[in-house]
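Right, one structure below, let's go through it.
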Amino acid sequence: MIVALLHRLSEKLPRVVHRLSVMMKPQVVFVLGGPGAGKGTQCARIVENYSYTHLSAGDLLREERSRSGSEFGQLIETYIKEGKIVPVEITINLLKKAMEETMKADEKKFRFLIDGFPRNQDNLQGWNTVMDGKADVKFVLFFDCGNEVCIDRCLERGKSSGRTDDNRESLEKRIQTYLQSTRPIIEQYEKQGKVRTIDASRSVDEVRLFLARVI
């Protein structure tokens, strides 16, 4: 009888493990908006209050660019300086690796804010191809902010950030890239009813209060 019971349990175990693995799929919120819209600042607040892990596509790319021995470092540097979008294969690989490492270190950390991705249709198609069935996108958090406000914020940030792309020439290119490539992605998710919009032109504290209603 005990042997039969153990046999039935051994048959059920793979199904249980499979269900657990499905339950523990990364739960993703895409965070989109123009450069300087305040995405990084507010993501830090969300992490503090709502048990999310913040992954910035831009930060991951900059870290990879600076990593000694990186085969993609120079390529990433060129794309960032030109205000262009880095090839999707590089970005998704970095995001996937970061999520896997986070969940491996702490299985309770399966909720992610992915900041600055997907930035164009190629990004989105790449995500759907690589991450289909491996992560659930819950919604898009859209930081809506005027172009000049974004540029002014970035120029101010550039005085201390040391970022090579926080200058007016790069910023104007980045704004155009955002308008032409990223806004259509936001509109696509809007049609699916999966966009929560924040008026990011307001003060940091005003945005934080509004976030409490939508997260």
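Keep in mind that glycine also has a Cβ here, set from the backbone N, Cα and C atoms.
Note that this is a predicted model, so its numbers are computed, not measured.
Quick look at what TrEMBL annotates:
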- G36, A37, G38, K39, G40, T41, R157, R202: ATP binding site (BINDING)
- 56-86: region 'NMPbind' (REGION)
- R62, K84, I85, V86, G116, F117, P118, R119, R163, R174: ribonucleoside 5'-phosphate binding site (BINDING)
- N123: CMP binding site (BINDING)
- 156-166: region 'LID' (REGION)
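Location within the structure of each feature annotated in TrEMBL.
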residue : record                                   : contacts (Cβ under 8 Å, 6+ apart)
G36     : ATP binding site                         : C145, V149, C150, I151, D152, R153, C154, R157, L171
A37     : ATP binding site                         : F143, D144, C145, C150, A200
G38     : ATP binding site                         : F143, C145, R153, A200, V204, V207
K39     : ATP binding site                         : V31, L32, G33, S56, D115, G116, F143, A200
G40     : ATP binding site                         : H54, S56, D59, D115
T41     : ATP binding site                         : V204
R62     : ribonucleoside 5'-phosphate binding site : I76, I80, R163
P118    : ribonucleoside 5'-phosphate binding site : F30, L124, G126, W127, T182, I185
R202    : ATP binding site                         : F210
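When the record's ribonucleoside 5'-phosphate-binding residues R62, K84, I85, V86, G116, F117, P118, R119, R163, R174 are compared pairwise by CA position, the greatest distance found is 21 Å. Cβ-based neighbour count (10 Å, all protein chains) for I85 (ribonucleoside 5'-phosphate binding site) stands at 21. Spacing of I85 (ribonucleoside 5'-phosphate binding site) relative to the residue listed as 'CMP binding site' is 9 Å (Cα to Cα, whole number). The ATP-binding residues named in the record, G36, A37, G38, K39, G40, T41, R157, R202, extend over a maximum Cα to Cα distance of 17 Å.
For N123 (CMP binding site), other Cβ atoms within 10 Å of its Cβ number 23.
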